[in-house]
Structures are given as C-alpha cells and as structure tokens.
Amino acid sequence: MLTSTLLALASAALASAHTVITYPGWRGNNLKDNEEFPYGMQWTYPCGGLTLTQNRTYWPTTGGAISFQPGWFQGHATAFIYVNLGIGNDGPDGGPKNMSFPMVSPFQIIGPGKNPYPGTFCLPQVSTPAGFEFKEGDNATIQLVELAIHGAALYSCVDITFVPPGDPRVAQVNESNCFNSTDLGAADLYTINILESGRDRLALTSAAASLARMAGWVPLVAGGLWLML
C-alpha cells in the first residue's frame, strides 16, 4: 500500500512539469496525457514521447535563437536547463542516434514561485557545438532538457534543417517570440545564495565549497554518535 502511494505521488510530480519551445519551433504538443502516457509525456527521453516530425524548422548553420516557456505547470520555482544537439538521420526513428552535443553551458532558471506562471526565456544566439561545421540541408534536432525541482527530467525537441545565415526561410526573431520575462532569473548551475551571519546581504559561494565544509563536519558528527552508543 505504501509503495503504491509513493508511486502515485511520484507520478503526480512527473505530470506537473512541462516546457514549451516557442522558437525556432517545436516537435509537437506533448503537454497532454493519454493511455500510453497516463502521467504525461515530457518525462520520456529523448523528446518527450514524440517521434521525429517531417515538419522541420530552418535554422542557420552558424547558430541562432532558442526561446522557451518553463513554467506551464507547477514545480518550476527553480530548474536546471540543458540544451543539446543530436545530429543526422541514423537513429531508430530517422532522427539522431543520441543527443550528445551540448550547445550551451547548463544553467539554472529562477521562477516567481512553484505554481504555474507565464513567462518566456530567450537565448538570442546559441552557437552550434564546438568542432562541428554544418552545410545547407544537414538535419539535426535541438533537445531542451529541464531538470525540475522535484528531480524529474523533462524533454522537448525541435527538428531543424540547417540553411545559410540570412536565408529568408529562417523565421524572424522578434520581441514577440524571443524575449526574457521580468519575473524570470538565471544563475550559474553550481552557485547558491547564502545569507552571511550578522550581515544583511547575500553572498555567492560555490556548491563545491559548501560540500567541502560539510565534509569537515562528518568526523565530528560520527564521533558524537559513537559516544552515544
């Protein structure tokens, strides 16, 4: 009984997290649930339960904008964002074999709260992965991963075809499809905010440094517990 209850709670958490890619396009609507995905689609690797689309979006060979809305459902007070590229047509569904090539350094988004919220986050110029050169007509898939606060990874994709910069087939980037909402913030992935004792200001410290300090407490705690035995 307890196991089934925990599974239901975990499934509810998974179903509560959704992201929409607003530019350059979107593989398709995976905000829904159905018999195959009773708790929602977006937790399914690699593209949130959707197979390759033939309705590809044109994107410059030198890179371009990516815009998304991270807070469609609850559970996004904070989240980690990853943007990856899958290359080619050799995968099982005619798309990439994997999504192994990072396009940006992972970062954290900070929303206004845990409840659903409107808001758009824009990366105005995302380069193609280092070491790759693409030519007109090459196919790829951009994968957006949102690691939500409850621990679930949510996946959305857009299938692209590369074209030269300035090609008129590339959708125009403007203030309506690529902008940063004022109630959304961003931070380095491994940076946290702490309030220093006796001071009314926030200081930034790395998570690694925090873990190092915690490691120093472990022998003291262990010794205290041993004395209590």
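Any Cβ shown, glycine's included, is placed from N, Cα and C.
Since the structure is predicted, the reported quantities are computational estimates derived from the model, not experimental observations.
Matching Swiss-Prot disulfide entries to the candidates Cys47, Cys122 identifies the partner of Cys178 as Cys122. Asn180 (N-linked glycosylation site) and Asn174 (N-linked glycosylation site) are 12 Å apart (CA-CA, integer value). Of His18, Asn98, Asn139, all annotated as recorded positions, the residue with the shortest Cα distance to Asn55 (N-linked glycosylation site) is Asn139. The distance from the Cα of Asn139 (N-linked glycosylation site) to the Cα of Asn98 (N-linked glycosylation site) comes to 13 Å.
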